[in-house]
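Taking it in order: structure first as structure tokens, then the write-up.
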Amino acid sequence: MVQDKMIWHYDSKGRFSTKSAYRLALTLLHPTAPGSSNSSLGCQLWKQIWFAKVPGKIKIHTWRVCSSILPTISTLQSRHVFIDNGCYFCNTNDETIEHISRDCWFVRDLFKLFPEFDRIFREVLPSMSITSWLQFCLEILSQDEFALLLVLLWSIWKERNQRLWSRKFKTLHQVYFQVRNFVQLLKSSTSRRSRGVVRPRRSWLPPPSGWLKANIDGAFNQDSHCGGIGVLIRDSTGSIVGGFCGKISNVLSPDIVEAMAGREACELAAEFQLAPIVFESDCLKLVEASKCDEEDGSGFGRIVEDIRFLLSSTPSAFFSHVFRESNLAAHKLV
Ligand SMILES: [Zn+2]
């Protein structure tokens with residue numbers, strides 16, 4: 001006579017496994033969400049990735065994430081490549097694909113800056129695979145929000161590689177502004193392609209809640225060697241918090257005028273303790289110079305030195321590059 005025995009009827013062979021229990025948990029948690037075994041919905045995820053309005057390099061990155069072939073430390077260790085390091089953001093956990101893309105505190109804090117992603121962390125199990133999570137996100141996000149998510153995941157990996165290979169560290173908010181600017185640029189180029197010769201307008205983007213944004217600009221007259229500088233500081237609702245405009249004379253180049261506008265903005269922020277704050281300028285040379293420690297004995301360099309000093313004494317303050325169209329308000333002041 002055959003003995004009675006326990007049967008796990010969620011498995012085709014009646015055997016219990018953590019894999020089948022995990023799938024069951026996912027089904028119970030998200031009855032309408034796709035399971036990894038659901039090929040039609042899996043197909044939908046791939047379709048959404050390939051048809052997302054993001055560059056090919058971001059699609060390929062997402063494909064590597066979903067295929068578990070992103071060379072994270074855990075992936076490399078599973079292939080017997082030993083690396084004695086934790087996560088490059090929190091330095092504590094094993095760097096798995098789920099950790100670097102979703103679970104690390106740095107990544108979670110970054111996600112919190114995007115109101116679009118409030119919903120995607122509800123009901124997420126720590127053991128949820130990245131593919132299941134992306135399928136879940138696909139269900140609840142709009143097309144544009146899903147594209148933003150793909151850009152964010154790619155930017156996180158890019159920042160991780162910068163830290164690993166170049167020892168360059170961006171703050172949470174620097175990554176945030178980079179992602180927002182990238183997506184805005186993407187939208188602009190898409191609409192430019194679809195509208196032919198019409199040059200799209202890149203509108204001003206507010207800073208995240210609790211932050212301020214100072215748009216700065218300078219104008220230079222080659223003949224008179226005079227210029228004008230303008231600074232406009234606004235909060236996350238777009239309300240004006242402060243500003244400055246003025247004329248300057250005896251200047252030698254437009255770069256110097258831009259740098260003087262930057263210094264004025266930094267002084268304003270320091271004097272009235274306006275922080276955290278991001279200074280946006282359309283002068284790439286100024287933005288780059290504010291971030292490095294290179295000595296520059298020119299007139300421009302001396303002003304940048306002042307800016308670096310002011311930035312170091314203001315908590316959470318940095319420069320970010322912006323296109324001229326997004327800097328119109330400051331431009332009108334000069
Ligand atoms: Zn981490």
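Glycine too: its Cβ is placed from the backbone N, Cα and C atoms.
Heads up, TrEMBL stuff is auto-annotated, nobody curated it.
In TrEMBL this protein carries:
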DOMAIN    16-108  domain 'Reverse transcriptase zinc-binding'
DOMAIN    215-334  domain 'RNase H type-1'
Model confidence over the domain 'RNase H type-1' (215-334), averaged pLDDT: 86
DSSP-assigned states of the domain 'Reverse transcriptase zinc-binding' (16-108) in counts, ordered helix, strand, coil: 53 helix, 0 strand, 40 coil
DSSP-derived helix, strand and coil totals, residue by residue, for the domain 'RNase H type-1' (215-334): 50 helix, 36 strand, 34 coil
